[in-house]
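Okay, structure first, notes after.
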Amino acid sequence: MHRNAPARDIDESKVSITPPKQQAAGVTAVTVALERAVEEMGVVRTARTLARVNQRHGFDCPGCAWPEPTGRRRPAEFCENGAKAVAEEATLRTVTPEFFARHSIAELAEKSGYWLGQQGRLTHPMVLRPGDTHYSPIDWDEAYRLIADTLRGLDSPDEALFYTSGRTANETAFVYQLLVRSFGTNNLPDCSNMCHESSGAALSSSIGIGKGSVTIDDFSAAEVIVVAGQNPGTNHPRMLSALQQAKEHGAQVIAVNPLPETGLLGFRDPQTVRGLTTGIAIADDFLQIRLGGDMALFQGLAKLLFEAEDVAPGTVVDRAFVDAHTAGFAEYEKQMRAVDLDVVLEATGLTREQLERTARLLARSRSTIICWAMGLTQQVHGVATIEEATNLLLMRGMIGKPGAGVCPVRGHSNVQGDRTMGIWEKMPETFLAALDSEFGITSPREHGHDTVDAIRAMHEGRARVFLGMGGNFVSATPDTELTEAALRGCALTVQVSTKLNRSHVVHGQTALILPTLGRTDLDLSPAGVKQQVSVEDSMSMVHLSTGRLTPVSDQLRSEVAIVCELARELFGADHPVPWARLRDDYDAIRDSISRVIPGCADYNAKVRDRNGFQLPHPPRDAREFRTSTGKANFAVNDLRWLPVPSGRLILQTLRSHDQYNTTIYGLDDRYRGIHNGRRVVLVNAEDITALGFTEGDLVDVISEWTDGVERKVTGFRLVSYSTPRGNAAAYYPETNPLVPLDHVAERSNTPASKAVTVRLEPHVHTR
Ligand SMILES: Nc1nc2c(c(=O)[nH]1)N[C@H]1C(S)=C(S)[C@@H](COP(=O)(O)OP(=O)(O)OC[C@H]3O[C@@H](n4cnc5c(=O)[nH]c(N)nc54)[C@H](O)[C@@H]3O)O[C@H]1N2
Ligand SMILES: Nc1nc2c(c(=O)[nH]1)N[C@H]1C(S)=C(S)[C@@H](COP(=O)(O)OP(=O)(O)OC[C@H]3O[C@@H](n4cnc5c(=O)[nH]c(N)nc54)[C@H](O)[C@@H]3O)O[C@H]1N2
Ligand SMILES: [Mo]
C-alpha cells in the first residue's frame, strides 16, 4: 500500500527555480496534502486520521499552536502542512532493529536529516554502547536501569540536562519536570529557548505575563492587524482563515517582512468552495523591511503617533488607560519624540510615505492586534523590539479590550503548555513551593541551564548526561560543529523520539533511543484504559487530545509511561511521588496539576468541556498587570538595528514550505518557487551583481563573528529573490553551522538566527 522510504539521498544538482507563487493554499495545497498522506499512511488510515484532526473528540494537530475556532468546526479543520505533520507521524514505514543492524552509525551519519526522517517510525528501544558500530535492541527495564545508574553516578544532579521539544503534552511535561526537580536540578532547556523566549521576556516585564493577550474571537473585532516577522502561509496556515474573516469584518492587515511571503499577499481558503477558485490578498499593505529593522519601525511609528496627538489632542494617546494602568509613560514619550526619522528610514529601508501611511492607520484604529513570530524574536535586540511593539499598543490602550492586544504566534503545538506545566529553567518560587507541597519533595531553587547554556555546559565538561524529550537537539541548535562536539563529549545521551533524526547519530559514549507514542497514537494504560492528554494553544485555550491509531509497534511506550517508569527506577518504591499511579491514570496527574498550576483548578472537569477552557490572563481579563510596578510598563530602549557591513550580507535562516523545523517533508518550497533542493541562498539581484556573482552560481557561505572562528557551509546555489539590499535568506537547519553559539538575543539568550553576518565566496568543486 505504502511506498518505501527514499533509498537515495538529496541530489542538490537537481534544484530548480520558478517564480514565487502569488497565492497560498487553494487546490494544489489540498492535493499535495492528500498525496503526502496517502503515500505515508495508505488510503484508509489517511481518511480515518485526517477526519480527526482538531475535532472535539480527535487529536490536537501536531503542526502548529494556532487555536481551533470556538464555534462550529468545519469538517476539515487542518491545513496542508498540518496534514503533512500528521502523515509524517502516522506513517506506516518503520525503523526496526533490522534497520539498525543493516546501517552502521558511520553510515547514518552521512545521511541527510531528510533521509533519516523518511525511514519511518522507530519501533524498539535501542542502545549503543561504547565501541559499538551499530545500535542494538535493549529491554525497557534495562534501558531505565542504565539511565538511572548513570544519573546516580554523577557528581551533581546539575551535570544532567533534560531537554523538551514543544510537542510534549501537558501531562508528560508535568511529570517530566517533576522527575527532573525530584532528581535535584532545574536544567530544563527547551525549544522555547530558541523560539519565543524573547516574547516571554519582553511581555513579562511589560505586562506581567509572557503570553499573548488576544483570543481567536478578537480577530473578528480588530480594525488593524499587524503581522510582523512571520510567515503564516507556511507555518500557521489556519491563521490565514482568521485573517480572512477579520478582513470580512473590515480589518486592515499590514505585513511587515523582508520577503513578500505568499500567504500574506494572496490566499485561497481550501476549506470553502469559493476559496478553491478565487483568491484574496490578505495584506492591505506590505512593508518590506530590512532584517532587524522592526525596532526602528515601532519607534518611528510611535514618534508619528505623538505628532498626530499634537495635531488632534486627545485622539491618539489613550490618556485614561495610560494614567490608570501604566508606568513610565513620560520617559517613553520623551524618548520617542527624540527619535530621528532619518535613522528609522535607513534602518527599516522603508519610505517616509509608508511610515506615515501606517501611522495614520494606527492612529485611527480603535482596535489593533500586533502578531509576530521568529522574525522578531531571533534578533539580538528581539526583546527590546517586542517591548516597542507593546509600547505602541499601550499608548493607545490596546490591551485588555476586544479586538486588540499582543499576539506572539507560537510554534510547536504545545510549547506554551509545556511552560505552563513547569518546563523552564527558572520557574518562580510560587510554582516550586506549590510543587513541593503537593508531592513532599524539595525542588532545587538555583536556576538551571537554558539551551545555549546547556551546550556550553556540555562543551566544557560541566554536563555529562543529555536526555531529550522529543525534538532534535543537534540539528535545531546553533553552531552545529561545536554542539556536535558537546554532545559527543557526554557520557550518555538519551532521545525519547518518534522518528529517526541526527540526534540519534551524534551521540554520547553510550546512547539510547526510546521510541514513543505520538499525538495520533492510541495510548492504553497497562489496565487497557484509553488515556488522553491535554494541550494549550497560542491563545491559552486548554483542551484534550486523543490518539486513536494503532501504534506501529507494541514496544512503543507513552511519554508519560517512560517518565514514570524511569522515575520509579531512579528513586525506588519509597519515593513520595506516586509514580506508578501517575503512569496508570492520567487523571491523577491532572488532579495534581489542578492543585499546583494557577488557573487549573478543577482541571479534569474543565478540560473535558467541549471547547476546553481558557487559562487566566490578567491583562486580557481585567487590565491587571502583575509587574514590578503593578502596572503595564513602558520600556525605554535605545534604538538598535542591523547595518550591513560592506561586501557582506545579513542572513536570516528560515523554514521552507516543506519542513517542520528539522523534519524535512520534501524538497519543494512551492510558494517561493524552489524545487528539488534546499541548499539555496536567496539574495537581492542587485547584491548578486554587486558582489560579483551571477544567479545560479554555487557559493560557500561564511559567517563572520567576533571570535574569528570560520563557520562555513558549502555549495549553496544563489537565487535572485525579492529581499531588501544587504539581506539574504537560507533554510534552517542546513545553515545552523553558521550561527555562533554566543550570537544571542540580549535578555532571552535566544540564538539570533535571523541576523547572521555572512560573506559569499565562489564554491570550488573538490572531488
Ligand atoms: N509547516 C510548518 N509549520 C511550522 C513550523 C515548521 O517548521 N513548518 N515550525 C513551527 C515553529 S516551532 C515555529 S517557532 C513557527 C515559526 O514560524 P515563522 O516565524 O513564520 O517561521 P520562519 O520560517 O522562521 O519565518 C520567519 C519569518 O519572519 C521573516 N523575518 C525574518 N527576519 C525578519 C525581521 O528582521 N523582521 C521582520 N519583520 N521579518 C523577518 C521571514 O522573512 C519569515 O517570513 O512555525 C511553527 N509552524
Ligand atoms: N537557524 C535556526 N535555528 C532554529 C530556528 C530557526 O528559525 N533558525 N528555529 C528554532 C525553533 S523556533 C525551534 S522551536 C527549534 C525546534 O527544535 P526541536 O523541537 O528540537 O526540533 P524538531 O525538529 O521540531 O524535532 C523533531 C523531532 O521530534 C521528534 N518528535 C516528533 N513528535 C514527537 C512526539 O510526539 N514525541 C517525542 N518524544 N518526539 C517527537 C521526532 O523524533 C523528530 O525527529 O529549532 C530552533 N532552531
Ligand atoms: Mo519554534
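Any Cβ shown, glycine's included, is placed from N, Cα and C.
Feature annotations, courtesy of TrEMBL:
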COMPBIAS  1-14  compositional bias 'Basic and acidic residues'
REGION    1-22  region 'Disordered'
DOMAIN    121-493  domain 'Molybdopterin oxidoreductase'
DOMAIN    649-756  domain 'Molybdopterin dinucleotide-binding'
Tally of residues which DSSP labels helix, strand or coil - the region 'Disordered' (1-22): 3 helix, 2 strand, 17 coil
The domain 'Molybdopterin dinucleotide-binding' (649-756), counted residue by residue under DSSP: helix, strand, coil: 12 helix, 41 strand, 55 coil
Residues of the parent chain within Cβ reach of the region 'Disordered' (1-22), under 8 Å, 6 or more residues beyond its termini: 39-43, 91-93, 111-112, 114-115, 118-120, 260, 262, 265-266, 279, 667, 670-680, 715, 717, 719, 721-722
